[in-house]
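Lifted from TrEMBL, the feature list:
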| type | residues | note |
| --- | --- | --- |
| DOMAIN | 24-463 | domain 'Major facilitator superfamily (MFS) profile' |
| TRANSMEM | 21-41 | transmembrane segment |
| TRANSMEM | 61-80 | transmembrane segment |
| TRANSMEM | 92-117 | transmembrane segment |
| TRANSMEM | 123-141 | transmembrane segment |
| TRANSMEM | 153-172 | transmembrane segment |
| TRANSMEM | 178-198 | transmembrane segment |
| TRANSMEM | 210-229 | transmembrane segment |
| TRANSMEM | 241-260 | transmembrane segment |
| TRANSMEM | 308-330 | transmembrane segment |
| TRANSMEM | 342-361 | transmembrane segment |
| TRANSMEM | 367-387 | transmembrane segment |
| TRANSMEM | 441-459 | transmembrane segment |
Amino acid sequence: MQRTRSSVRFVTQLTERPTSTRLVMAVVAVGVLLSGFDLFIVNVALGDIAVALGVSDLADLSWILNAYAITFAALLVPAGRISDRIGAKRGFLGGLLLFTAASAACAFAPGLAGLVAFRVVQAAGAALMIPSSLGLVLTAFPPEGRQGAVRLWAGLGGIGAALGPVVGGVLVHADWRWVFLVNIPTGLVAAFVGWRVLPDAPGDRGRAPGLVGALLLTVTVAALVLVLVNGPEWGWTSGRTLAFAAVTVVGLALNVAAVTRAADPLVSLDVLRAPHFASTSLTLLTFHVAFGAMLLSIVLWLQEVWELSALEAGLAIAPGPLLVPFVAVYGGRLVAAIGPRAVIALGGAVFAAGVASWAVLAGASTSYAATVLPGMLLTGVGVGLVVPPSMALGTSELPPDRRGTGSAVLQTARQVGIAVGVAVLVAVLGAQSPGAEAFEAAWWTTAVFALASSVTVMAREPR
């Protein structure tokens, strides 16, 4: 009975902790929300940006999103290693200030090329901020409170996903530049408060990781995500796609060799061998294939089949993501009762049920409450049961001076999974005749990946 009250106890402890601890969580929350929030807001603003900057080519316009996604995924692990070296506080504040400055530059970009370039800088700031933020949470909370704190940290992304399209739809009515300008006062206030309250844990002052290793991993991940994001447009057998695929394969082989042979690799073996880390990484990768396909598919269904506006589609999607932080925190009761692996497996099954419900119901009716809403709520519960416990489990046994690197690897698995999911969705939709049948096939495929994550998390790891 004592253990089943863990979630309520965490919420009570958080409110009863010293003001500085609550402020740490608040500052971290701002950074996490800004990085995710911005992606969803910009999605909604693309049409207005195209008109304002005179861009008519959708492929060119898509680089506003792709440049951010590719850079963010590619720099997560090097940025996490930098955070471990300089300390989580310096890493977080440096990333936050870089993100804020780049947001200002994006708002005043005179053309598409400048906007894309500043989005790259913005993504670099986010990549430094996210691994550092988890390191701060793990440092600020005592061992008995860390699992709940990590679940709350992981659940914050749901708030950004829920509110981003809605707030973006409101802001673009004033001017598309406000989707970037809104980050400036928020980021500056968070940086000022963070400088005063964030714990200043020392970094690893040992030998810095080699520049070659950092560049090798960055290029490999960038090439992989570039292939996944642009493969459908370029063609999977085109010269560009095959060239970047070859770079990815060679890069992966060289990275494996570096991890096993280098004196101080970017991702050390003590991270990869940490208990629960390997299976959790694979689970997050597999689950986010389903998540990436789900999110894009329901947006396309609502806007192209039901012909809803961007704001209406955002409001329709919001209930699912809004559930995530609540399930993340109060799902701790379930974790205490049946264990994290069982909860994660259950979450994958619930998510699959939500997507499968669309495959069965969506083509039969145009009633939102009867068709889309139930699946949206189930997928929200599924995300809340999978992602926060996975992040908590995957980081639970990491060495303290490798928390930034380890959390960055997990985040990279998530980003690569989303890119794979989008590519899978585009491939499935393209192989079917246009219409409801194509979406049904896509949703059944998505459900299979969600169930696969339930299987991977239960796999035994070699000792």
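Including glycine, each Cβ sits where the backbone N, Cα and C put it.
Keep in mind that TrEMBL annotations are predicted by a computer and have not been checked by a curator.
Between the transmembrane segment (308-330) and the transmembrane segment (21-41) there are fewer than 3 Cβ pairs closer than 8 Å, counting only residues 6 or more apart in sequence, so the two stretches are not in contact.
Residues 213, 216-217, 219-220, 223-224, 226-227, 230-231, 234-235, 266-269, 272 of the same chain sit 6 or more residues outside the transmembrane segment (241-260) yet have a Cβ under 8 Å from a Cβ within it. Beyond the transmembrane segment (210-229), the same-chain residues lying 6 or more positions past its ends with a Cβ under 8 Å from any Cβ of the stretch are 66, 69-71, 73-78, 81, 241, 244-245, 247-248, 251-252, 254-255, 258, 262, 264-267, 412, 415-416, 419-420, 422-423. The recorded stretches the transmembrane segment (153-172) and the transmembrane segment (367-387) share 3+ CB pairs below 8 A when only pairs 6 or more apart in sequence are counted, and are therefore in contact. If one looks beyond the transmembrane segment (21-41) by at least 6 residues along the same chain, the residues whose Cβ comes under 8 Å of a Cβ in the stretch are 14-15, 65, 68-69, 92, 95-96, 99, 103, 122, 126, 129-130, 133, 136-137, 140-141, 149, 152-153, 156-157, 159-161, 163-165, 167-168, 171, 179-180, 183, 186-187, 190, 193-194, 197-199. Tertiary proximity for the transmembrane segment (178-198) is limited to same-chain residues at least six positions away from its ends with a CB under 8 Å from its CB atoms, namely 20, 23-24, 26-27, 30-31, 34, 38, 41-42, 44-45, 88-89, 92-93, 96-97, 99-100, 103-104, 106-107, 136, 140, 167-168, 171-172.
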